[in-house]
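Q: Handing you a structure now.
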Amino acid sequence: MDAKARNCLLQHREALEKDIKTSYIMDHMISDGFLTISEEEKVRNEPTQQQRAAMLIKMILKKDNDSYVSFYNALLHEGYKDLAALLHDGIPVVSSSSGKDSVSGITSYVRTVLCEGGVPQRPVVFVTRKKLVNAIQQKLSKLKGEPGWVTIHGMAGCGKSVLAAEAVRDHSLLEGCFPGGVHWVSVGKQDKSGLLMKLQNLCTRLDQDESFSQRLPLNIEEAKDRLRILMLRKHPRSLLILDDVWDSWVLKAFDSQCQILLTTRDKSVTDSVMGPKYVVPVESSLGKEKGLEILSLFVNMKKADLPEQAHSIIKECKGSPLVVSLIGALLRDFPNRWEYYLKQLQNKQFKRIRKSSSYDYEALDEAMSISVEMLREDIKDYYTDLSILQKDVKVPTKVLCILWDMETEEVEDILQEFVNKSLLFCDRNGKSFRYYLHDLQVDFLTEKNCSQLQDLHKKIITQFQRYHQPHTLSPDQEDCMYWYNFLAYHMASAKMHKELCALMFSLDWIKAKTELVGPAHLIHEFVEYRHILDEKDCAVSENFQEFLSLNGHLLGRQPFPNIVQLGLCEPETSEVYQQAKLQAKQEVDNGMLYLEWINKKNITNLSRLVVRPHTDAVYHACFSEDGQRIASCGADKTLQVFKAETGEKLLEIKAHEDEVLCCAFSTDDRFIATCSVDKKVKIWNSMTGELVHTYDEHSEQVNCCHFTNSSHHLLLATGSSDCFLKLWDLNQKECRNTMFGHTNSVNHCRFSPDDKLLASCSADGTLKLWDATSANERKSINVKQFFLNLEDPQEDMEVIVKCCSWSADGARIMVAAKNKIFLFDIHTSGLLGEIHTGHHSTIQYCDFSPQNHLAVVALSQYCVELWNTDSRSKVADCRGHLSWVHGVMFSPDGSSFLTSSDDQTIRLWETKKVCKNSAVMLKQEVDVVFQENEVMVLAVDHIRRLQLINGRTGQIDYLTEAQVSCCCLSPHLQYIAFGDENGAIEILELVNNRIFQSRFQHKKTVWHIQFTADEKTLISSSDDAEIQVWNWQLDKCIFLRGHQETVKDFRLLKNSRLLSWSFDGTVKVWNIITGNKEKDFVCHQGTVLSCDISHDATKFSSTSADKTAKIWSFDLLLPLHELRGHNGCVRCSAFSVDSTLLATGDDNGEIRIWNVSNGELLHLCAPLSEEGAATHGGWVTDLCFSPDGKMLISAGGYIKWWNVVTGESSQTFYTNGTNLKKIHVSPDFKTYVTVDNLGILYILQTLE
């Protein structure tokens, strides 16, 4: 019975005994089921009415709450209202079916049982841990009334005792499993006399009426026997709770064949006892939300109102209940010390985090130290060795085998003792064991052993060197990943600077590590240990860091590129190049193929860092306000956050159910907003990646998001294809304001620097300015009007205003639409200036530099431009991306900017470096002549000038400034010819610069041009479906007419014959002297994309957009073989020199090698593809066999060499750009020339 009810009954006992008549009262109680017939008989046997009443009340006092209520109701029913009123205040809350009352969830029965059993009350500040409590209750219920053990184990301060008490605070558990009650014993660390005292006290408590013995047991054995008898006879089906058991010999004393729940740091204590055993491990962390809940209760604040330091405290201590409670109790007394206690945690000053509390220890270091001190002397030093481990790092057993020079079994036995005592944790993944320390244990060890740390790190390096060489670590070794990640850390911590430099400046180490973990961690280490590496050689350190930064997008891909070949592309002064050259020469002797880029000194790489965080297009990327981090989002539906300096990944979040279109950091960098095609806007914690809010009030995809520039009152603006802008207050669950006015999709929005205005851009052709406070429209500028022709205004013209950017002073706004940028005055709405970027691309994005008058502009034609907005002149071209550039953004200080692209990469550029560069870019229309040791390249540059480049010396002659569309060199380098966009053809004599111009002009752009071997005749083809044969010395011209559509290309044959192929699906053979068409082959239903002629001149091949290739004889009008199997357009083909093989390449990056005689497929050469990446980097556009037929070279997104015998790749050369159109190969197959889509010329030579 509840104490209150019992007291009330005792207080009014005299009045009740005087007045009540028991017979009618007992009838009611019998009918309620709370009094038995035998009890009624016992009452009736009393001689007087008062004695009968006294006997009834004595019986009720021994019963439960329900009996009290039944007695109260009987009094009311029989007219004793005054007496019932006396008992009214003592009426207990009767338990419901669940056994819980409405106030605390605990019945009076539970309270009474726990109070009598000495179970501790809940702490002053208490949060539930339902999952763990349920797990303990499930294990207890498994005992089913039989003797057994349930062990709760975990490290110091993880809340084991609180959980044990909470588990038995349950009505149904006590009533169903332990009706005999519970008995709590706080055991702790005991000697024999202390243990005897504990047992004596327990026996006394269990035998209060001294019915078994009137004296205390004199020794432990007697006490054990006494306990067994008491539990069996007086307290059957009761639960004995032993709190904080340290030793197995102590536990033996309580082994009395009863049901026992115990808490311990050492789960092996039950090894010495018999009976069923169940274990409940307790994690050392409460979890972030529970931790914050405890702090909020201590300081009496809402969880949402807690300062940022609260989150950091939970993060630092990993949610340790002991630490959170200690700090919470301290903060209750000193509520302004958040920063102070956080610093003490960060600086590992555990002694200063001290507070008397319900815990057994007043300070964190006490709780941990006692566990360590209790270790056996022979293993204490091994625990000290763990001081060198880093937080959150799981260490394979093999690492510690090397450290201690022991067999695996010996090491596992030692570590298991640490695990059993909750001093170490073990992650068992199949057969392999990995061990780790709690963060607080790491901090405790490093503080305790700080004077030994350098020697401990030196010890592990010395042991590593005995067992391993860094570059010989194999991925199948259990410990290899640990060494790749932490070898440099141990060397730096051991102050082994010489060894660290040797490691970090080794191309072998770079290769081995990047192949397994990618480049970001290595870049991080170069930054982390820069002060050490620079002491050795600053330039070398920069060489390696730049190499990793600029090749990061390649080094993170599969198949892993040949790092020696990448190293050969570095400047010749670079240490990376020198090591690569040395290694390549050794490997060439063993038959390996390597290429030297002999004209690379003319190339300047403008990117500072290239990262590839996504597996699909990157739609947006932005800097954090402190410039230290970059967030990016894209078509792979993820949000990525990485370090701006190294590209090291910090967060990867599966953010939305569809493509993520935009992301933005808040001004205080605490949050990141994302918006998506799935119509949702989400707010994330930028440090942890936790979802903070989800807003879904837009009815169409959300295109943009932007935070206010001040964190004083943080607002988020979003724009959607539903034509609306919305403002969101992060403290509210719903939209704060909706802005109506646009009549088409809102593409972009930006707050002004002072946050008073919000600018928005729309597909309706307008820029609108809104009052950020009232959400009213202030101004609207019709950008569309600037594109309308005054003479013929096309009102239905679509002008999409893509984006806008404010100047730093907020006086001007830059707006992008189509291929133009407009600058408007904010106050007058007047047009200040206009920038025209060119006809061939549209502007995707633009951004104002925060410091000066620079604007960065992203274009659809893969490039980025920098413009001076005052002079309206282009300052720089930045080429490097391989596809559309979707986003650009300056860093907060303007020193760098980032670009994000469809090619899955984000590039960082240094503003000053880019502005100083004025590199000339080439068009891909080039011709090459290999003459003895010379390589002469005729090329058209980006401003349509003609250049003659000596590939060996790099000398450039600028020949003409005509609008050249194609060009060629004569075989003996005496003449050059070029055609233009208007159809005109000219020949330039190189000796005297004399020009010969054809009187016979093509009607459309000239695309192909070639001299005959005697240099007297020039052949050209154009979009006009004609081929022109011009004997320029006699000024005579023959037109080859017969194709119905554009001539794709042509090839000269022997005996004045010419082979041509066309979009009309035919291949034709012409006599170029007479102009007669000699043969007409109807080859394909689709466009004929390429042809090649066998070296014996008896056959030719044709490939087509219909996904087939065919082999033809010049003597037959039907094909010899039709080659099927390609799944894309077959774009190129090539015969081997002996005419026995034919190679074909398609738009899926697949190459097939066929037997010419029977048409059988011999090899399928398809490079392995990453998810989202085309094989061969795109279309295969050109192929060429080596003279001996053993090797094949292919051009596509990059250049590959193949072993024809095996069909396997021999080497890959990654060009800076992509989409190579043609590869020019020297007759000896040792020199190769091509131009990528960035306009970079590559003259490659086989390394010998």
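Each Cβ is built from the backbone N, Cα and C atoms, and glycine gets one as well.
Bear in mind that the values here come from a model prediction, so they are computed numbers and not experimental data.
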Q: Check each of the ranges 574-585, 682-693, 910-921 against Swiss-Prot and return the one annotated as region 'Interpropeller linker'.
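A: In Swiss-Prot, residues 910-921 carry the label region 'Interpropeller linker'.
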Q: According to Swiss-Prot, Gly154, Met155, Ala156, Gly157, Cys158, Gly159, Lys160, Ser161 bind ATP; which one of Arg6, Arg13, Arg44, Arg265 is listed for that same site?
A: Arg265
Q: Using DSSP with the three-state reduction, classify Gly154 (ATP binding site) as helix, strand or coil.
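A: DSSP assigns Gly154 (ATP binding site) to coil.
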Q: Given the ATP binding site residues Gly154, Met155, Ala156, Gly157, Cys158, Gly159, Lys160, Ser161, Arg265 in the record, what is the largest Cα to Cα distance, rounded to whole Å?
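A: Across Gly154, Met155, Ala156, Gly157, Cys158, Gly159, Lys160, Ser161, Arg265, the widest Cα separation comes out at 12 Å.
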Q: At a Cβ cut-off of 8 Å, and with pairs 6 or more apart in sequence only, do we get at least 3 pairs between the repeat 'WD 2-8' (1213-1248) and the repeat 'WD 1-7' (880-910), yes or no?
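A: These two stretches do touch.
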Q: Is the repeat 'WD 2-2' (959-998) packed against any residues at least 6 beyond its ends, judged by a Cβ distance under 8 Å, and which are they?
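A: That would be 925-929, 931, 936, 938-940, 943-948, 1004-1011, 1013, 1015, 1018, 1020, 1022, 1024, 1028, 1030, 1032, 1037.
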Q: Around the recorded ATP site, report the further residues of that chain (criterion: Cβ within 8 Å of the mean position of the Cβ atoms of Gly154, Met155, Ala156, Gly157, Cys158, Gly159, Lys160, Ser161, Arg265; site residues excluded), sequence-ordered.
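A: Other same-chain residues near the ATP site: Thr263, Val282, Ser284, Pro321, Leu322, Ser422.
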Q: Should anything in the same chain at least six residues away from the repeat 'WD 2-3' (1001-1040) have a Cβ under 8 Å from its Cβ atoms, list it; otherwise answer none.
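A: For the repeat 'WD 2-3' (1001-1040), the far contacts come to 965-972, 974-975, 977-985, 987, 1046-1047, 1049-1050, 1052, 1058, 1060, 1062, 1068, 1070, 1072-1075, 1077.
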Q: Is it possible to get the count of other C-beta atoms within 10 angstroms of the C-beta of Gly154 (ATP binding site)?
A: 22
Q: What residues in the same chain, six or more past the boundaries of the repeat 'WD 2-4' (1042-1080), come closer than 8 Å to it by Cβ-Cβ distance?
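A: Here the qualifying positions are 1008, 1010, 1012-1013, 1017, 1019, 1021-1027, 1029, 1086-1093, 1097, 1100, 1102, 1104, 1112, 1114, 1117.
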Q: What same-chain residues, at least 6 away in sequence, bring their CB to under 8 Å of the CB of Arg265 (ATP binding site)?
A: His153, Gly154, Met155, Ala156, Trp246, Ser371, Lys421, Ser422, Leu423
Q: Need one number: mean pLDDT over the repeat 'WD 2-4' (1042-1080).
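A: Across the residues of the repeat 'WD 2-4' (1042-1080) the model's pLDDT averages 93 on the 0 to 100 scale.
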Q: Taking the Cβ of Cys158 (ATP binding site) as the centre, how many other Cβ atoms fall within a 10 Å radius?
A: 26
Q: 10 Å Cβ neighbour count around Lys160 (ATP binding site)?
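A: Summing over all protein chains shown, Lys160 (ATP binding site) has 26 other Cβ atoms within 10 Å.
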Q: Let me know the DSSP-derived helix, strand or coil state of Lys160 (ATP binding site), please.
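A: Lys160 (ATP binding site) sits in a helix per DSSP.
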